[in-house]
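> The structure that follows is given in the form of structure tokens.
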Amino acid sequence: MHDIKSIRDNPQDFDAALTRRGLSPLSSQLLAIDERRRAAILASEQAQARRNAASREIGEAKKAKDEGRASALMEEVAKLKTTMPELEAAAKQADEELARELSAIPNLPLDEVPDGKDEHDNVERHVFGARRNYAFAPKAHDDIGTALGMDFESAAKLSGARFVVLKKGLARLERAIGQFMLDLHTTEHGYTEVNPPLLVRNDVMFGTGQLPKFEDDQFWAVRGELLIAPDERLKAERLGLIPTAEVALTNLVRESIVDEKELPMRLTALTPCFRAEAGAAGRDTRGMIRQHQFTKVELVSITTPETSKDEHERMLACAEEVLRRLDLHYRVITLCTGDMGFSSQKTYDIEVWMPGQGDGGAFREISSCSVCGDFQARRMDARYRASDGKPRFVHTLNGSGTAVGRALIAVMETYQQADGSIAVPDVLQPYMGGLKVVAADS
């Protein structure tokens, strides 16, 4: 959420930042609403002040036995009682209109973010490792997985498209990957493990930016009785399945003031995630690349404004370390202004090399690490008390550390062997009971 005072003070800078995002200038429209809002609030406050003053004057007039003046003042107060609800309603309506408009505007990019329209304008930052050479043509994970316990047919019977059932060694390997990531972040990177709810309220979804703009991308759960309730009640009482643990973890500080000494607050969770993928029709229809349900390790940091940029670099390094320990080839790119997420000021994507994808392999996203400034904090009313005693908005950051399903794909395709089995990376073998190969009989 944007600060209207900042827009009021720097309308040209605000519009310039929106233009970098590929949006039209909005400051004039917002400031016009703000002017109406401020005028309505002023009128309401003046009416309230006059009513209070007139009430005091009535007592003074009666004390002075000036019945004529007392009667006139009582008539004035009666009129104010009639008009005040209308003025208060107008002020509330203008306030809600401004909040509604502001809530639909994405975060503004930092100055160092490269300008661009889409993923083609993203900038490569660095590369780790190199592509492996194989004595055979590498296969895609879904071709390898059929014999190893990857079952899309059964999943379709249970839930429809974009779901998978994993069995035997593959189920164990996916669990091992998630546990390895969680252990790395909690024992070496200083994150606190959290096991959050998977169902959250509307205001929680709003806080991190999923609502109102991305309502159609969410899965919603409702109690049976609400299915026959009026739409307004259904919408108010529904719960959203988290599209990422970022939603729950970040909102742990909503509507609170934390002590500066508690920052940075670093949280991590391994959870299922649920996405409707409303805009992904026809994309990645094969395999596990794009699923309605997937597992992910999420990293969230709550910081002061002065430390958020450094924390962003630290978070990226933590996510990278996962892939380095797995010895996977990857690259880091800085997203351009036209490709960033709604709540982000700046985003790094980590793309892992998958040798079985496309024609000869491809880089695919496995992690996004974003700094959001105070954008989410304003939506959540999340603040910290600085050393001077004044409450200020925190800065929030989030990143995948990493997507477990896509890490499984990368391990399968990178460590595949000519006989169709998968060599288990050294770092995962302790989580696999010492198993070194996932084969059809594993």
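If you go along the chain as it appears here, the first residue is 1 and each next one adds 1.
Heads up, the Cβ atoms here are built off N, Cα and C, so glycines get one too.
This is the feature table in Swiss-Prot:
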- Thr244, Ala245, Glu246, Glu298, Ser400: L-serine binding site (BINDING)
- Arg275, Ala276, Glu277, Glu365, Ile366, Ser367, Ser368: ATP binding site (BINDING)
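Tell me about the surroundings of these features in the structure.
On its own chain, Ser400 (L-serine binding site) has Thr244, Lys296, Val297, Glu298, Leu299, Ala319, Ile366, Ser367, Ser368, Cys369 as residues at least 6 apart in sequence with a Cβ closer than 8 Å to its own Cβ.
Under a cutoff of 8 A between CB atoms, and with a sequence separation of 6+ in the same chain, the neighbours of Ala276 (ATP binding site) are Asp216, Asp217, Gln218, Phe219, His292.
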> Look up Glu277 (ATP binding site) in the DSSP assignment and reduce it to helix, strand or coil.
coil
> Give the sequence-ordered list of residues that share a chain with Ala245 (L-serine binding site), lie 6 or more positions from it, and have CB atoms under 8 Å from its CB.
Val194, Pro196, Ala269, Leu270, Thr271, Cys273, Lys296, Glu298, Val300
> Max Cα-Cα distance in Å among Arg275, Ala276, Glu277, Glu365, Ile366, Ser367, Ser368, the residues listed as binding ATP?
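Between the outermost Cα atoms of Arg275, Ala276, Glu277, Glu365, Ile366, Ser367, Ser368, the distance is 19 Å.
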> Could you measure between Arg275 (ATP binding site) and Glu246 (L-serine binding site) for me? Cα positions, answer in whole angstrom.
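Per the Cα atoms, Arg275 (ATP binding site) and Glu246 (L-serine binding site) stand 13 Å apart.
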> So which other residues, same chain and not among Thr244, Ala245, Glu246, Glu298, Ser400, have a Cβ within 8 Å of the centroid of the Cβ atoms at the L-serine site?
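Output for this site, in sequence order: Val247, Leu249, Ala269, Thr271, Cys273, Lys296, Val297, Leu299, Val300, Asn398, Gly399.
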